[in-house]
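Trainee: The following block contains the structure, expressed as structure tokens.
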Amino acid sequence: MQFQLHLILFVMVYLSQQTCRSEGCWWCTNYKDCCDNCKCWKSQKYQKTIDTFGCDKNKCDDYDNGKCDKCVDGYYLKNYVCYLCTYPCIECSSYSCKKCAQGYNLSNGKCISCSMPLCKSCAMNSNQCQYCVDDAYFLDSSKTACKCNDTYFSDGKQCKQCNQICLACVSSFDVCSSCKNLANMSQSPINGKCRCNDGYYWNSNSCQQCIAPCATCEDQAISCTTCNNQTLIVNDDNKCICKEGYLSSPNNPYQCELCQINCFTCEDFNNKCTSCYENYLLNDDTNTCFCPEGFYEVDNTCNECPKLCSKCLSDKICIECIENMLVIKQNQVCKCSDGYFFDKIESQCQQCDSICNTCSNKQTCDSCHQEMNRTLDNGKCICQKNYFLNENQLCISCQSKEAITVEFCKYKDCNDGIWSYGEECDDANYSSRDGCFNCSIEPFYYCINKLLQPSICQKCQENCAVCEYDQNQQNSKCKQAIDGYYIENSTRINKCLDKCLHCKFTSSQCTKCRFLNISKSDINCQLCEYKQGYYSDYENNLCYSKCGDAILADIEQCDDGNQINGDGCSNRCILEKNFDCVNGICSKTKNPIPSAQENSIYDLYTKKRQVLITYDQELNFTQQFELNDELQIQMNQEANLNIFVKSNLNFPQENITNFTITIEIEVDRSITNASLLIKYLNPQLFKNTQNQFQEINFIEVKITDIVIISQSAQALTASTVNSSNYIIYCLLALLGCGLILGDTLQYLSYLYYINTVFPFNVNQFFENLNFAQFTIVQDFIKLDDIFEYNFDYDLELHSLTVPFKIKNQGMYSCFLLNFASIFSVFLIAFTFYTIAIFIKYKILSSEKQQSLKDQQSNSKFKMYYLILGAKLQHFAYQWAIVIIREFFYSDLLRIFMTTANEYSFTLGLGLKGLDFSTKFGSINSITTFIFLAFYILITFISFKIVDKKRYALQQFQYSVKFGSVVSGLKISKYQKLYNPLLLIKKFLFMAFLIYLYDYPIIQVLQVTLLSLTTLIALITYQPIKERLELIKQITCETSQFVTLVFFTFFCINDLIKFLNEDQKLIIGWIVISNVLTALFTQLVINSIQQWRYLYIKYEFIRKIVNKCVLRCQKKQLPQASHDVFL
């Protein structure tokens, strides 16, 4: 018994060992995953876990007496059991971490993750990376990001190596962003691919040349992708072979000879065909290809004849047709007989449908039988209009008796006494007022109609205009009520409000007004009384007014509350002659009165004067006349007069509000205290809107004195002006042949617009400077005529606010007109930029630069010109490079600053004449504001450009881009602001000229103060680097200031007359001398500057100068010594 118990116990132990799942478990009970005793206690190989009661292997590193004393890396020991360290800690104790995984940093016994991806180790604060995960990355300067090195790209997770052919790539292995700088390699990738040049292939880090006949190849020199001859093609083995239709030469397999015409392939010889092109047949005896019978040949192609043709010359000319009784030949074309069509599938003539005369196929007719009353409609033969198809499929007329039951025929016969579809009713009698007359339903009746039976008619309900019988309800329903009523719920008829002619749903919802509709987009009905002076006529649905009720209606000229004639308003409310009525009170009106005055004149020395006649009210011209014939004009002194008369009246215009007459006169001598006498020959022609004519027939106008300068003074002035021209022309040549006229010349030309009367010599001198203004384009193209006639824009009318002196020089307030010349300067600049690009990329190509080597010659004369041509090419290329490099933005800013005077002047005139009354005027005004904003923006940008540190302004790239703003200036705090402040000065100068024109003293003082401020700033801060340039600018500004001081004297003289003509001429000579001195000084300094520039820049000039110096020294031979005989 005891033995049996031991045996059972042994079997249970054995079975438990077989059922324990863990290899390291020595004993387990209850569950195969629940270990009670591990083998480690005996073999030191396993230890018992605390979670699953199983045994884990290799966690304990050292055992002593069956217990674990030390754990493997990544585990820590506690109570003889190894516990796993919490990731990312890879070495730890029971209470703290000792070592962290890659990408984590140990801090106070804890692992802190780096905030930067791809960072292998980061600083304690984890905001800066110390080094990246591998060599594929580099750490940026801020140490805040790991980026891919060159020849690597990022796939969003890691950096990967680029293709060997790429210098750098993006987003993918073979998407190159730049290419390696190798021979025969494209400079930049094409569609993300770096490729060798045509004729080369990529092999082992270099571009190798393809071997002929390969034009292009890949992978290998003989693996062709294209061939170098059009007669060759690439086969499946990437070899070049002759195309089909070509024969390889026995001596050279890549030399192909064209086979004979019509041969698809040939062998041995080009005329020995082995196969033919489509439809050609091969003659085995002659080895040639021919076009057989039943085909025709066109342009070396063999084409099949039309199906019904047995022989033909072309697809349109048949010689013989196939043998078939249904086939006929007509106009050299074989076709099926009428009533038959050619079936392409069966290749024979088939019969058409019986209703078709001719057809294309069984379902599509081409024509119909007229005798069957059919017409063609979309390939079908249908019954003609007013015919219908009966049961026998015949087309019968709708006028026949058989059509009486066909609805769409609308058969009508008012004599048969029965109703049909074409009748409103038919009550079988000819009586009226019984509801039906002449087959039409009479008003206020409805009829019950049944086919082929007489109609039964009855009267509609009260106030119903149109009603009908409802077959389903077996009663009548009103469809339309009479005027002034509406239908409610399809049964009741109610009255609308008095203001509605028609209404619906409710009495106030009008659909048509009885009297007035005061809404344009909707219906808003009102009684006539809504409108002033009107009354409602309910019988006739009309509005009427009552003359004499003291209420003025819009059809009445007046209403004084009575019907008495002769009190200003007649008994028919018509305004009587010589009366005007306001608010029912009539009074006599006054006749039109003309007034005349001389237009302001600023040149006493011109022989011309202008007189303007205006009226105090609107005029009405009822008949045409010639103005010159109606005015008699003369002067109260003896003088020969040339007279020109014009007005703003254009017949057949009748009413004109601002009627004016302009009289221009020209005399032949000096006059003082003169008056112009104007006599109206027919003053009754000039009437107001009340038909009252002008009673004044004589006007006298005081004329400003005319001073004729002596011949000697004129000659002296002319010679001075001519002499000054030489200085000006030389100055323009030094300033770039007129592209940049110089601020001095422009500034002086605009001083002419100071509102004062200049002496003769000053006036002539300044008129000579007008060319310095940018008005070339509008003068040459006559833009003012284009604007007036093409855009119907009256420049004179919209330029009334322009100052007289400016307007007298042909200037208007239209910004688009005045801006044309400035635009032309920018256009010329863009032209030069385009030429520079053309020179760089087209003319001076690398092949042409190599032409000098290819044209070596023994002729010195020829070589001299070859070398000269190469130098010119080199000079043009260098010029083009400079233009392209500096055009954006430096050159554009330089042009803007050069044209700033004219730009500001144009803006001032545009803002002075803003006009939103016309479409063109609105466009012009909006454009003015846009360009004003642009000027302000450029000025602001100029300040931002110079608002940089010294080292930034001296950088080469910054100098190339914005050098025109700071070029030649000192770059201290205030001196570098010179050019931006100059833009503001130019704008203020033009604003003072234009907007203070009517206040001459204030105008000239403000301009003088502006000049003085500029002069003081130049002397104090000396912003210009070059001393000569600084002296030139100070000299010019001093001259301008002195000139303005004398102009101030002229303005004061206009008020108090303290100078006579001789004294004014003397001051004028002082002004001219001052200006010429400044211009001459500028000419001398510019000449020195230009000479220095040329001497430094061009070596050949230095050589010429040195040769001249040497020659001069050789002429001074050394003298013999005086003590030779001593």
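Cβ coordinates come from backbone N, Cα and C, glycine included.
Unlike curated entries, TrEMBL annotations are predicted automatically.
Dumping what TrEMBL says about this protein:
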| type | residues | note |
| --- | --- | --- |
| DOMAIN | 37-83 | domain 'EGF-like' |
| DOMAIN | 84-112 | domain 'EGF-like' |
| DOMAIN | 121-160 | domain 'EGF-like' |
| DOMAIN | 168-208 | domain 'EGF-like' |
| DOMAIN | 213-257 | domain 'EGF-like' |
| DOMAIN | 265-303 | domain 'EGF-like' |
| DOMAIN | 311-350 | domain 'EGF-like' |
| DOMAIN | 358-396 | domain 'EGF-like' |
| SIGNAL | 1-22 | signal peptide |
| TRANSMEM | 726-745 | transmembrane segment |
| TRANSMEM | 815-843 | transmembrane segment |
| TRANSMEM | 923-946 | transmembrane segment |
| TRANSMEM | 977-997 | transmembrane segment |
| TRANSMEM | 1003-1021 | transmembrane segment |
| TRANSMEM | 1041-1059 | transmembrane segment |
| TRANSMEM | 1065-1085 | transmembrane segment |
Trainee: With the transmembrane segment (923-946) as the reference, which stretch in 815-843, 1003-1021, 1041-1059, 1065-1085 has the largest tally of C-beta pairs below 8 Å?
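Mentor: By Cβ pairs under 8 Å, 815-843 leads among 815-843, 1003-1021, 1041-1059, 1065-1085.
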Trainee: For the domain 'EGF-like' (168-208), provide the mean pLDDT of the predicted model.
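Mentor: Mean pLDDT across the domain 'EGF-like' (168-208) comes out at 84.
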Trainee: Which sequence-distant residues neighbour the domain 'EGF-like' (213-257)? Criterion: at least 6 residues beyond either end, Cβ under 8 Å.
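Mentor: Hits for the domain 'EGF-like' (213-257): 198-199, 201-203, 263-267, 269-270.
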Trainee: Grab the same-chain neighbours of the domain 'EGF-like' (311-350) for me: Cβ-Cβ under 8 Å, and only residues 6 or more beyond its ends, written as numbers and ranges.
Mentor: 293-294, 296, 298, 303, 305, 356-362
Trainee: Count up the helix, strand and coil residues in the domain 'EGF-like' (213-257) according to DSSP, in that order.
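Mentor: Split by secondary structure, the domain 'EGF-like' (213-257) comes out as 0 helix, 19 strand, 26 coil.
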